[in-house]
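A short write-up of the structure that comes next.
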Amino acid sequence: MQGPWVLLLLGLRLQLSLSVIPVEEENPAFWNKKAAEALDAAKKLQPIQTSAKNLIIFLGDGMGVPTVTATRILKGQLEGHLGPETPLAMDRFPYMALSKTYSVDRQVPDSASTATAYLCGVKTNYKTIGLSAAARFDQCNTTFGNEVFSVMYRAKKAGKSVGVVTTTRVQHASPSGTYVHTVNRNWYGDADMPASALREGCKDIATQLISNMDINVILGGGRKYMFPAGTPDPEYPNDANETGTRLDGRNLVQEWLSKHQGSQYVWNREQLIQKAQDPSVTYLMGLFEPVDTKFDIQRDPLMDPSLKDMTETAVKVLSRNPKGFYLFVEGGRIDRGHHLGTAYLALTEAVMFDLAIERASQLTSERDTLTIVTADHSHVFSFGGYTLRGTSIFGLAPLNALDGKPYTSILYGNGPGYVGTGERPNVTAAESSGSSYRRQAAVPVKSETHGGEDVAIFARGPQAHLVHGVQEQNYIAHVMASAGCLEPYTDCGLAPPADESQTTTTTRQTTITTTTTTTTTTTTPVHNSARSLGPATAPLALALLAGMLMLLLGAPAES
């Protein structure tokens with residue numbers, strides 16, 4: 001388990017539940033000053049009206065607005081703050097909008113149809129990727145003639161380098177939206193396809209990964225779909241469940257290597273770091289697990305690269321092209337954590353996702369790089385219960401429910417955490433802070449479902465001001481194509497970005513910055529605590545604190 005996550009388990013549970021707030025926050029002048037600073041920055045904000053040399057899209061799979069907020073709290077607390085006041089890297093982007101995520105045939109979408117929207121610019125049907133809505137799920141013969149092409153494909157045609165980074169398998173729905181055309185998102189390898197589809201000429205996703213376009217950087221999981229059936233996995237050579245799956249006998253990794261000069265294949269972090277430093281490498285494939293990568297808290301830091309590591313490597317390799325690059329980066333395990341009902345896994349993945357955004361922002365300039373952060377869909381995830389500011393996002397509500405038992409702030413509308421017809425468990429703070437704890441859910445389903453509400457879009461860089469209002473999800477692809485002067489916007493009329501050497505002093509002037517409150521030594525306890533009240537009300541405050549301590553120690557508090 002990683003060091004910061006150990007800190008989370010051991011440090012947040014007690015200290016933040018009895019946290020103190022800065023005394024200056026009791027003074028209206030504090031809030032007026034913060035608002036005035038934000039207002040002044042907004043007034044000075046000027047759109048960058050040039051074209052974008054580089055295009056980056058960060059996709060937080062399942063990262064709805066409630067997940068963004070909860071991630072902000074968690075990341076802030078990991079950094080030693082109370083939580084909600086501390087901005088995420090994506091929060092610092094100056095432009096934002098809402099995205100309507102429905103697909104052509106579903107009010108609540110999946111990651112395949114949404115990927116087609118934000119990557120290709122066209123909405124489509126559930127479980128299909130890279131095809132128009134004229135195609136039908138699982139019907140191979142509806143593929144041909146209904147293909148739509150991603151902005152990444154158009155960027156490659158324009159001479160840019162392109163890359164895909166994900167914490168899922170690289171053949172999964174979201175990353176494959178950059179290169180695939182398939183009526184079934186689950187056709188990862190040829191062994192996953194029916195014989196009829198193969199006879200009709202449909203290709204599995206792994207085959208299309210290496211044949212549909214020349215992708216310079218491919219980093220994620222998905223080794224088993226690239227090698228002949230029975231091929232031992234290099235990391236798990238004695239595990240028969242992790243061997244290659246291909247029935248056609250093809251070694252797709254070797255085929256990919258033979259196509260490109262300056263190409264390298266790696267399968268662990270050490271190899272990745274080594275090849276990233278080699279200036280002769282212009283094509284890099286790294287597959288770090290047989291299927292999806294491990295959750296970040298379960299990752300071996302010596303063997304398994306983090307999303308931040310992969311993002312940094314991709315930016316460095318792709319930046320070797322003077323014509324620029326297009327990069328897709330997915331925090332794909334956020335979604336899996338939610339499906340399992342394990343909010344701890346989802347939110348710690350989201351923290352790592354934000355760290356990757358932060359690193360990419362450090363490695364690029366907003367003068368020539370349009371960066372967009374968004375989600376494909378939300379989840380039926382929520383948090384509430386009037387928790388005190390500074391308490392762990394994984395903790396309990398301060399008062400019990402009507403059945404006299406405590407409940408967690410985070411809950412799911414449906415999921416595997418449904419408690420059945422019996423009594424609710426008497427959950428403790430220690431249990432609810434565990435990485436494998438499944439949150440209680442209102443409706444029993446094997447896998448918690450997606451949510452249908454709008455998701456956020458954050459943007460910085462050239463043409464980022466086009467991200468505004470409430471938009472259809474496919475609008476995102478059009479913003480990126482237009483900013484990069486790519487098809488169908490090759491006559492965009494935009495000047496190229498200014499030479500970086502002339503703009504280094506103004507690189508970040510257009511970003512609205514949010515001042516992080518620094519807690520001083522002069523502090524006041526949370527409102528209604530004993531030290532913040534006079535003698536007459538002190539007993540009430542002490543009772544509240546005692547109740548919080550009881551919750552932390554696992555005893556039910558009186559409601």
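First residue shown is number 1, and so on along the chain.
For all residues, glycine too, the Cβ spot is worked out from N, Cα and C.
Together with ASP61, GLU330, the Mg(2+) site in Swiss-Prot holds one more listed residue from SER174, SER433, SER435, SER436, which is SER174.
With GLU235, PHE288, GLU289 listed by Swiss-Prot as binding Ca(2+), the candidate from ASP248, ASP300, ASP304, ASP309 annotated for that site turns out to be ASP304. Of the residues HIS260, HIS450, Swiss-Prot puts just one in the Zn(2+) 2 site with ASP335, HIS339: HIS450. The recorded disulfide partner of CYS140, taken from Swiss-Prot and restricted to CYS202, CYS485, is CYS202. Non-local neighbourhood of CYS492 (disulfide bond): SER51, SER482, ALA483, CYS485, each in the same chain, at least six residues away, with C-beta under 8 Å from its C-beta. Closest in space to ASP335 (Zn(2+) 2 binding site), of the recorded positions given as ASP61, CYS140, SER174, CYS202, is ASP61, taking the CA atom of each residue. Cβ neighbour count for GLU330 (Mg(2+) binding site) (all protein chains, 10 Å cutoff from its Cβ): 31. Recorded residues GLU330 (Mg(2+) binding site) and CYS202 (disulfide bond) have their alpha carbons 26 Å apart, per Cα-Cα distance. In this structure, the C-alpha atom of SER174 (Mg(2+) binding site) lies 16 angstrom from that of HIS339 (Zn(2+) 2 binding site). The C-beta environment of CYS140 (disulfide bond), restricted to residues of the same chain at least 6 apart in sequence and closer than 8 Å, consists of VAL183, SER196, ALA197, GLU200, GLY201, CYS202.
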